[in-house]
């Protein structure tokens, strides 16, 4: 690819390559969860131990995310994505070549350390190539990488694992190898001023004197728990709790992740339209909490709605990531966005690493409904933390226009005679005629 892609088609081509490379890293990070049925059946591995093994890539991510972000700010996206994908592939091949679960866990941990740079680099790459009015949509498409990576793992790994754990691990190894080659051939860093030409204000830390980024980090970390829990345990829940076959459960998980991918594109476009990344995040958090509480209420009751609710939360739980990543790159700027995304992904991965073993133990000792109810507390706690007043640079006018529309609608539906009272029955905005004495009468029909 040309080293100076200025056309619209070239920008979208870079975004597609970035999507594929990031999807390969998420395939490795989340794919181990689809080995759990094989580990339980063939090796008798307890669910808590299998959950710990599935979390090892996330623990590796936690260790290196900030370091990858620092490197990203200094060497650029292409180098980080190529090197990270190659090292992840090497770790996956190593994990597939050993028999001991201990050594498999070690290599999964090392692979997680290597995979840490792809997500941050891919997000910053897309943010750098697209203008504000297209950034939410472009980032939403790029953020389909996670559900697409998980969907491919759910479709392929359980079937390969029927031949053994090692066969299942070879799939992410091959895909990450292809991603490393694609990074070298298809990624071009967006044009930026060198750090030596940047002003002191541009190089200043966005964390100084502001809690905006910390609030986004905290909210996104809390919203990561439903995503982690559903990805890790949906397959085994369908197999053990509902008696589904491995193939049937894998197909449903795949469909759920594909719906989540489409949802990410939709909410990205939504954020461009309303001129805000954070208002949709707050609504997503509230919807995730409500869905998990409903799932906890109907699970074990023999209801036919529990599977539908599981699909719903699997979709809702993945919707917010692209919005948060976009807001961070816009707020932090080109010289701090790598480190800010590194911190963001570190907080998310701490939750992702802690979730499988903790909830695996809870499911074993209590039951699935208890786990769903506790999981619902996390997105509920995120609701007040979301900084909804944060406006994307370049979209402030659009956001204010939306606010004016909402204000006018509210003025229309309020009671004109008593502004602080409830709205009178009837169509919104219906005026009330007032007699000379001040008594309101019903308008003619």
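Just so it is clear, glycine is given a Cβ too, placed from its N, Cα and C backbone atoms.
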Segment assigned the feature transmembrane segment in Swiss-Prot (from 366-386, 387-407, 408-428): 366-386
From 283-303, 304-324, 325-345, the residue range that Swiss-Prot assigns the feature transmembrane segment: 283-303
Among ranges 98-118, 119-139, whichever one Swiss-Prot labels transmembrane segment: 98-118
Considering the transmembrane segment (52-72), which listed stretch of 16-36, 98-118, 219-239, 283-303 counts the most C-beta pairs under 8 Å: 98-118
Cβ-based contact of the transmembrane segment (16-36) with the transmembrane segment (219-239), 3 or more pairs under 8 Å: yes
Long-range environment of the transmembrane segment (219-239) - Cβ separation under 8 angstroms, sequence gap at least 6: 30, 33-34, 36-37, 40, 47, 51, 54, 58, 150, 154, 158, 245-246, 248-250, 252-253, 256, 281, 284-285, 288, 292, 307, 310, 313-314, 316-318, 320-321, 324, 344, 347-352, 355-356, 359-360, 363, 368, 371, 375-376, 378-379, 381-382, 385-386
